[in-house]
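What follows is a set of notes on a single structure, which appears directly below.
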Amino acid sequence: MSFDPNLLHNNGHNGYPNGTSAALRETGVIEKLLTSYGFIQCSERQARLFFHCSQYNGNLQDLKVGDDVEFEVSSDRRTGKPIAIKLVKIKPEIHPEERMNGQVVCAVPHNLESKSPAAPGQSPTGSVCYERNGEVFYLTYTSEDVEGNVQLETGDKINFVIDNNKHTGAVSARNIMLLKKKQARYQGVVCAMKEAFGFIERGDVVKEIFFHYSEFKGDLETLQPGDDVEFTIKDRNGKEVATDVRLLPQGTVIFEDISIEHFEGTVTKVIPKVPSKNQNDPLPGRIKVDFVIPKELPFGDKDTKSKVTLLEGDHVRFNISTDRRDKLERATNIEVLSNTFQFTNEAREMGVIAAMRDGFGFIKCVDRDARMFFHFSEILDGNQLHIADEVEFTVVPDMLSAQRNHAIRIKKLPKGTVSFHSHSDHRFLGTVEKEATFSNPKTTSPNKGKDKEAEDGIIAYDDCGVKLTIAFQAKDVEGSTSPQIGDKVEFSISDKQRPGQQIATCVRLLGRNSNSKRLLGYVATLKDNFGFIETANHDKEIFFHYSEFSGDVDSLELGDMVEYSLSKGKGNKVSAEKVNKTHSVNGITEEANPTIYSGKVIRPLRGVDPTQIEYQGMIEIVEEGDMKGEVYPFGIVGMANKGDCLQKGESVKFQLCVLGQNAQTMAYNITPLRRATVECVKDQFGFINYEVGDSKKLFFHVKEVQDGIELQAGDEVEFSVILNQRTGKCSACNVWRVCEGPKAVAAPRPDRLVNRLKNITLDDASAPRLMVLRQPRGPDNSMGFGAERKIRQAGVID
């Protein structure tokens, strides 16, 4: 619209179109205000009039939308449309103010830079609410309606006056006063919990805040470190504390944004295994990244994907984490790249997995004699290792013990990569000059040092007329028997991967030294595939395997005299070999003392109680006399019945005899004194009231009862106890009846059985009744069935 102010003169317009000269003034409200013109909404009639800013009598800067004005109406000379002229701003009427209490529902936006700017003369609005008679009413307001330099926030408590625009009828809030700021709620994650208090890592700033358990609104038993919470901050004794702590759904609080893209870099500083006392940096590690502008990113001990040791120079892949609170960037999800060993200065070694335990294992090294300890956490690429897997690793000193090494950064290799020896197919013959020994077998734990190191043996051999010697290890011996000094052996020569070292491998025993000493002993124990021999001095037992016995093993019995040689097997354990049965008499004097003594077993043989250390049993004389209380040892030879199982506390009778090469006086011809009653007899077996070990009853088979007597419950018997060496269970043998027990009297049939049928009543008279036709007779006077059972043809009736 174009407008010429010069058209407004006495001849250019009049008050109304009818030409009346009286100038009537009207009132209205500024509805729209632009740079040079605006529009007025008339109060007395439905009309919207144009006005030019030059027609305003006053400072145009004070005029704003919503102001009441008084004006005259004229007409545009060119268009004939009514326009407002001679505008005067009307002072607002003073009304009695009723102030209301309410709160901010939606605050006026503080920053409108990102939004389209408001039109000139228009202000952004917010909303408030108040309650009256149980109803809630909402009003708009602008920042100009707020008293004082106060920035209102949603939730603030306020006091205001309700303003009713008489021209537009719009209701709004004005003269707004702030009563109480809303308490801010903060979020965070519980990072530590003590006995009565804890700490929360705040989500708005990089800081921890204290809270007492009494401030937690919920079940304290469910609160754990890592839970998301919200809280209010209050000042107590000059320190900020968290109050009104409440749980939030898991995942509500997010501290950082992790990049989707992966980056690669080089480790320039590793995290020390043992942090120094003055180290305060929570992210001590550094990774150099080759961006357009190279930069170093920090990382902490929780930023690696695995617990594999990082070394300086490692090539790694990672994500970048950006903290939302302070925009700090760090490397996270760090994993070692497979080609990293091309860039580090570490010396890599190879070996084979030799043993696996719970969380750790041992590697048999190519370049070292000792097995190398390792933790499962040091396995690269998340591979699952098994015994005999070939691996590559780095050896570093243990941080806790400088004398020990362990393997780190273990990488699985393809089968066939690792080779310990390169040996020829040629076999050599030689004689053992020094025996090889194993290390102490109790060194499987990584926390225990070795008590005794393994020692190499020496073999003398002849090569093209030249007498030479070569070392061999006990682990390279084939079979279960270790060669001894003077034994003939066959072996191969192997070059180790360590240069200049040769060792005998695949050592096989060909023959024992013919001059080796032969020993005598007595069979003390027989198991499934092995046994024990009592030495000639009757004070020890020697292990032997049935494969070392020359003859039929089934012919061996307890107490048999045998001849054998001693050898050292794996683990430096002594065992008997070349065991032969012999009938020579050795070790027992011609005459035993004829006096028979009564005694009590105070310690059984080790075969009866494997938990005891000593092999020999001990018997104490209990009969009155000068020898009462004296104690004598005994072995398997001293038993009258070699299969008898003497237990601690049993009464025995015995003689004394000088036995063994050291002429020791021992108990001999020992016979137990056992009496007990028969508990019950079944078909082919029974039980005796006699306690053996954990069992209260002793089993016996009827074939063990002497003279073919049929035992009855209550009979008193004498017997021997034998121990089944294979099953470990005891049973009675050689059972003699000493006296007969009381006869069992047949009890009459109970009346309840005789009268049962008589007591049956049936309420239904038509129901079938059971009637006794004849009384049954006993088997001695039985009539039985008169009709003989015959084979009948189906379908044919006689």
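Sequential numbering from 1, following the chain as shown.
In case you wondered, yes, glycine gets a Cβ from its N, Cα and C as well.
What Swiss-Prot records for 26-87 is domain 'CSD 1'.
According to Swiss-Prot, the N6-acetyllysine annotation covers K81, on the basis of similarity to another entry. The secondary structure of K81 (N6-acetyllysine), as reduced to three states from DSSP, is coil rather than helix or strand.
Sequence-distant contacts of K91 (SUMO2 cross-link), defined as residues of its own chain at least six apart whose C-beta falls under 8 angstroms from its C-beta, are absent. Under the heading SUMO2 cross-link, Swiss-Prot lists K91, citing similarity to another entry as support.
Taken from Swiss-Prot, the feature phosphoserine applies to S123 (among others). There are 14 other CB atoms within 10 A of the CB of S123 (phosphoserine), with all protein chains counted.
Sequence annotations record features per position, and here Swiss-Prot assigns domain 'CSD 2' to 136-179. Note on the domain 'CSD 2' (136-179): mean pLDDT across this stretch is 85.
DSSP labels the residues of the domain 'CSD 3' (186-245) in these numbers: 6 helix, 36 strand, 18 coil. The feature domain 'CSD 3' is assigned by Swiss-Prot to 186-245.
For S276 (phosphoserine), no same-chain residue that is 6 or more apart in sequence has a Cβ closer than 8 Å to its Cβ. Annotation note: S276 (phosphoserine) sits in a coil segment as assigned by DSSP. Annotation comment: Swiss-Prot describes S276 (among others) as phosphoserine.
Positions annotated as domain 'CSD 4' by Swiss-Prot: 297-337.
Helix first, then strand, then coil: DSSP counts for the domain 'CSD 5' (349-410) stand at 6 helix, 33 strand, 23 coil. Sequence annotations record features per position, and here Swiss-Prot assigns domain 'CSD 5' to 349-410.
Feature annotation from Swiss-Prot assigns domain 'CSD 6' to 447-507.
Among the features that Swiss-Prot reports, phosphoserine is placed at S514 (among others), with the record citing similarity to another entry.
According to Swiss-Prot, the feature domain 'CSD 7' maps to 519-579.
Taken from Swiss-Prot, the feature phosphoserine applies to S584 (among others), supported by similarity to another entry.
Residues annotated as domain 'CSD 8' in Swiss-Prot: 610-670.
The domain 'CSD 9' annotation in Swiss-Prot covers 674-735.
For 748-789, the entry in Swiss-Prot reads domain 'SUZ-C'.
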Most Cβ pairs under 8 Å with the domain 'CSD 5' (349-410), selected from 186-245, 297-337, 519-579, 674-735: 297-337
Number of other Cβ atoms within 10 Å of the Cβ of K81 (N6-acetyllysine) across all protein chains: 10
Contact set, same chain, for the domain 'CSD 4' (297-337): CB under 8 Å, 6 or more residues outside the stretch: 202-206, 254-271, 281-287, 289, 343-346, 375, 377-380, 382, 396, 408-409
Summary of DSSP states over the domain 'CSD 1' (26-87), given as helix, strand and coil counts: 6 helix, 34 strand, 22 coil
The domain 'CSD 8' (610-670): DSSP-derived helix, strand, coil residue counts: 3 helix, 27 strand, 31 coil
Tally of residues which DSSP labels helix, strand or coil - the domain 'CSD 2' (136-179): 3 helix, 25 strand, 16 coil
Alpha-carbon spacing, S123 (phosphoserine) to K81 (N6-acetyllysine), which is rounded to whole Å: 30
The domain 'CSD 9' (674-735) - residue tally per DSSP class, helix then strand then coil: 6 helix, 32 strand, 24 coil
DSSP residue counts for the domain 'CSD 4' (297-337), split into helix, strand and coil: 0 helix, 21 strand, 20 coil
